[in-house]
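Q: Let me give you the structure first, and then I'll get to my questions.
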Amino acid sequence: FTLFEPVRHRPLYCTHRPHGWFRRNINISSVKHMLWKINRNYRWSEWLSEIVLRAPKVPDPLVCAASCLRFVFFLFCCWRLKPHPSILDDDDDDYSKSETGRNDLVGPYNTHTLDQFGVDGTDELHDEAERNRLSQSSGWLPIHYRLIIEPNIERSLNNGTVTISIKPNPSWEKTRDQQIPPIVLDVNEIRILSCEVLSPVSSKPITFKAYYGANNLSYVIEPVPSGIVAGNLSVKLQFESRLSDTLQGFYRGYFQDNEEPGGRSWFASTQFSPIDARRAFPCFDSPDKKATFAISIVHANDRAMTLSNMEQIGHQYDVGRAPDYVREDFAITPRMSTYLVAFITSNLQLAQRSEGFRPIVNVWTRGEVRHQGSYVHRLTMRLLPFFETYFGMPYHLPKLDLVAVPDFGFRAMENWGLVTFRESALLVPEDDNRSSSAKHKEAVASVVAHELAHQWFGNLVTPRWWNDLWLKEGFATYISYIALNANEKRWHMFESFVQKELQEAFEKDSDRNSHPISFPVNTASDIRRIFDPISYSKGAAIVRMMDSFLGDIAFKRGIHEYLQKYQFDNAVQDDLWDILTTEGHRAGTLPTDLDVRQIMETWTLQPGYPVITFERNGTDLTISQQRYLLPSRNSSDDTRWYIPLTIVTESQRAHEPLTVHWFPYENATIQLQVNVESDEYLYANADRTGYYRVNYDYVSWKKLTSSFAKLPPLTRMQLVDDAFQLARAEYIQYDIPLTLILVVTQQYRDIPAWAALSRSLVYINHMMSREPAYEALLAVMRSTLRPAFDAVGFEDRAEDSHQDMIHRERVVSLACHYGIDKCSVQAQTLFRRWMTDFRDNRIPPSLKETIYCTSLRDGGVPEWNFAFKRYQDTDSASEKEIILNALGCTVKPWLLSKYLNMTINPASGILKQDGVRAFQAVATNFAGSDIAFNFLYENIADINAYYGDGFSTLSKMIDSATLLMNKPHHKERFDRFAYKAKQLELPAIEKSIRLAKEQILNNIYWRSRSYHQLQHFLVQLIKDLNFNMY
């Protein structure tokens, strides 16, 4: 079988098996069937490609003839092979009646066999199989895993042994008449080499039969009733798999290292959340199947570091398949879910280590960026004690490793004791020449705080199933802001919360195709899709609302009790509701006729959010609730909520306790009386703690805009955001948002209002950037922005606060975006100065994003090539992200097309983790929107194959590619795209396609209804204020 020598780095499976292996495992019904199996399992096409590439220019006829004869002989031999009985469709066969009790046979005919190593368990295959698996996997629970992993990074292989101690599920009571449930293990692209089932009581092998389930996504072990005794079992499996190249499961990657052969240093790391531990080892891959883990990693001795969740307790040399391999043994973990298991072996280096601090905190990075881990190390040592105090519980592990992984799909992952990050989410350059912007530093701090909060909310207490994902993600997001607000007091983190989380949640929750925070999750596609802003940002927003109406004391007591009661276990949202209800009644902050479950289920079990409308008649208020639903108020439905209303009047004293008025779920309208004079303003939703928008009658809007500067910061943010979004949905006209533009831009230092204005303008820019009325918008924005731009300046000042630097970045970004000449000229001057000496970058860190983008937009090929060269050469991950965004700012179509094609070319140097960012940069560029959509249409299959299904890459691309679509012919083009996706059988993006189509229809509606209204108000404003049109 030398004919079947595979390509380099492929395992030589054929030569490792005796002839009987073929007789057992190759079931031949036709030559076509056989060739298909060879192609699928041994990458026949790749072997042929390699033969062609290796062949001499003038092939030897004798060699060709000999090869052909060998191939024909092989076909003949395979054709003569008789299928082994184990692969025939006979349910009565006993597949495991061997003396050793081992099972190396396969399932019934038409069940995928053990040799199907190359089958990719994609989401479209997962879904029906996952439903079937869930229905039969509840009979056994894991107690402990003994896992030995031996990766061969160079050959992209993984070998391992796992012994799982299991016990009967208490809900299953074995009786004589009841069938013993099968042991159903999750697998994905794993080949089981051998299996053994033992009884710990007798230590004797148990007779069983085993086979793969549907689509090779489970491994089913059926103990024979006569051979089993009641009680626990031990399942030992030897297996092998490939190291993934899609950043999922146990995957490999590399980073540039001139000291390594070929200039590449390879690493192997894990990303198991949500359902990819099954790609690395057979397991019960479900969050409610908690167990302890004893992990050993066998690896080549040339790896500088090998880590897992717990501390290393043993080290052995000359083990494994080669004499220079070592084995690292790690301590047993607490009970935890499989998605939190982690290990990494690499040549990363220790950047920071705590001394005299418990737990031990380590930061690991590439050698050349070790100094960039200092800030995070200092921050972590401040945040851990804060969380221990806030949660009333210690951090339970002896160490905490923070690892900057050079290629990583998510921003970060909270693996217990071994938190992994994308480099840009962990590293903060602090040297003079490459210091980070204030925005980047805040972003890093937010990610780190979020992952540390997970060590309690998610790791210690885990949602029972993925439908309650928000229970860990929403809480971790909200509490991370509390932690940073306490540790970085000058950052005003709840202003950031309103802008980044609340407004993001509102944006994603305004469509008819939105989903509830908690909804039935039955398939792999459902599980992956639920990791979205609804679970994270809306989850955080409603947790903040609970904190507000319960009061800080009752809320924290409830959190303490919840963590104490369910530590090392699982919980559902009802468990939390019961505890918070008790604490709310005890504190007197929750009415006795209400409970938290009654209130919060209206927020977690149904989609959307309300808009509250106030109509004033003297001291009488008529208040109504209606679901905010795009494209128009006329498209709303009859969804209702229990709403905690807070109302503030002009004469009310600052910091005076506010009364919570409960808007009943059953009512669409209520009446209230308030003590307010007719000439005074009032506003609702103090500090924007409620998850709802607020609309007022026209007179009240006028009072609020004229008194804008007197309002609290978060209320000013709320008014700006609500005004633009209410105008978009036709609750009010665009004269009110335009008035607020004038008011805000006159207040150069109103940082919260500027933040809301900047975000609110994004949609209008998308809709108008290719329309005639954009000229009028440019005129208004240039005239209103120019004084603020002159005031904040182009240079950072020594006395600038964190907020000042973020504010300058925001104002300058708007000024350059709308084409203020002075801004564009200064940006190009600084960029060209950098081009003359790339080692001396004098561009202020907070302005890099704007200056790079503006210079590439207004520049040409030399600027673009220079920027891409800097992307390749810089060792700063944050700098790489800024440049990736800027490369999509050019308006030259061929450069944009070139850039997009680089995102699916591994030789381009663009990491897979950065592909979506590059695509989005092009798609949100008015000159690149159509180019991005055409690229997506033409390459959808290649994109799906290149990036895999783990990080919703296609879904994110679809969302951004349709942002600017607002004409009927756009919908027709998208319908053709949706049809193509359906033909390619990509159900994982069906939800994204529905959302994108709804977005296009909403945009078309806005253009047909609101565009001309806005144009009219802009032209009138230009005339009234005598703005210059040019």
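Placement of Cβ uses the backbone N, Cα and C atoms for every residue, glycine included.
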Q: According to TrEMBL, H450, H454 bind Zn(2+); which one of E430, E473 is listed for that same site?
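A: Among the candidates, TrEMBL records only E473 at this Zn(2+) site.
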Q: Can you give me the Cα-Cα distance between H454 (Zn(2+) binding site) and Y536 (site 'Transition state stabilizer') in Å, rounded to a whole number?
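A: Counting only the Cα atoms, the answer is 13 Å.
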Q: Note the mean pLDDT of the domain 'ERAP1-like C-terminal' (682-1000), expressed as a whole number.
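A: Residues in the domain 'ERAP1-like C-terminal' (682-1000) carry a mean pLDDT of 95 in this prediction.
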Q: What's the CA-CA gap between E473 (Zn(2+) binding site) and E451 (active site, proton acceptor) in angstrom, rounded?
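A: Spelling it out, the Cα of E473 (Zn(2+) binding site) and the Cα of E451 (active site, proton acceptor) are 10 Å apart.
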Q: Rounded to a whole number, how many Å is the Cα of E451 (active site, proton acceptor) away from the Cα of Y536 (site 'Transition state stabilizer')?
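A: Their Cα atoms are separated by 13 Å.
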Q: Taking the Cβ of Y536 (site 'Transition state stabilizer') as centre, how many other Cβ atoms lie within 10 Å?
A: 22
Q: If you count Cβ atoms within 10 Å of the Cβ of H454 (Zn(2+) binding site), leaving out that atom itself, what do you get?
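A: Neighbour count, Cβ to Cβ under the 10 Å cut-off: 26.
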